[in-house]
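Copied over from Swiss-Prot, here are the features:
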- 9-29: transmembrane segment (TRANSMEM)
- 69-89: transmembrane segment (TRANSMEM)
- 98-118: transmembrane segment (TRANSMEM)
- 135-157: transmembrane segment (TRANSMEM)
- 179-199: transmembrane segment (TRANSMEM)
- 202-222: transmembrane segment (TRANSMEM)
Amino acid sequence: MMVSFFDQFASPSYLGIPNIAVAIALPWVLYPTPPARWINNRLITIQGWFINRFTNQLMLPLNVGGHKWALLLASLMIFLITINMLGLLPYTFTPTTQLSLNMGFAVPLWLATVIIGMRNQPTIALGHLLPEGTPIPLIPVLIIIETISLLIRPLALGVRLTANLTAGHLLIQLIATAVFVLLPMMPTVAILTAAVLFLLTLLEVAVAMIQAYVFVLLLSLYLQENV
């Protein structure tokens, strides 16, 4: 029986009960917990260094009001990286290939940045809908365009993450299938294809980390406009 390449993106279930909640909760179990002593081990030290470095880089362009988001954005970044990396393992489900999950992250956080801007500085927040120096006849058109641009931001966040991960997984599966098909017929070509598969896997590892960083970075840029 021929298995569809898109079956890997179907949400797993056991006895009719969806297991996506288990897939989402699993990354938090894998993180090491700092021990109750003065000296940490190497893994805790590396984890702390990475979180501090990322948080400083992310919070640098924000003012003091935006620093309250440091814990949330850093946690989201680590969570997305872990899910994306675990999804590269064979026979594993990647929750971030589901648009519904990514939109569940993007919409509330984007809406929170908009609400903060409307509450703290409503004049500046509304001023983003109309570029400075716009000719009077173009004002209604530009307001509509900027409003649409504002509303599609969470959709762009979710679709970007979903599309990049889905495309990478499909390419890996297609090339891996080609290796198995070519191996008995043309071993030399199969070995070359396997080398391409290895390089593509390394590229997908980089994409998994970069897309998580881009997701959080864009949220911080939206926050920067409203704090």
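Each Cβ is built from the backbone N, Cα and C atoms, and glycine gets one as well.
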Residues of the parent chain within Cβ reach of the transmembrane segment (69-89), under 8 Å, 6 or more residues beyond its termini:
23-24, 26-28, 30-31, 51, 54-55, 58-59, 62, 95-97, 105, 109, 161, 165, 169, 201, 204-205, 208-209, 211-213, 215-216, 219-220, 223
Hey, does the transmembrane segment (179-199) touch the transmembrane segment (98-118), meaning at least 3 C-beta pairs closer than 8 angstroms, sequence gap 6 or more?
no
Sort out the residues at least 6 away from either end of the transmembrane segment (9-29), same chain, that have Cβ-Cβ distances under 8 Å to it, and list them.
79, 82-83, 86, 93-95, 97-98, 101, 166, 169
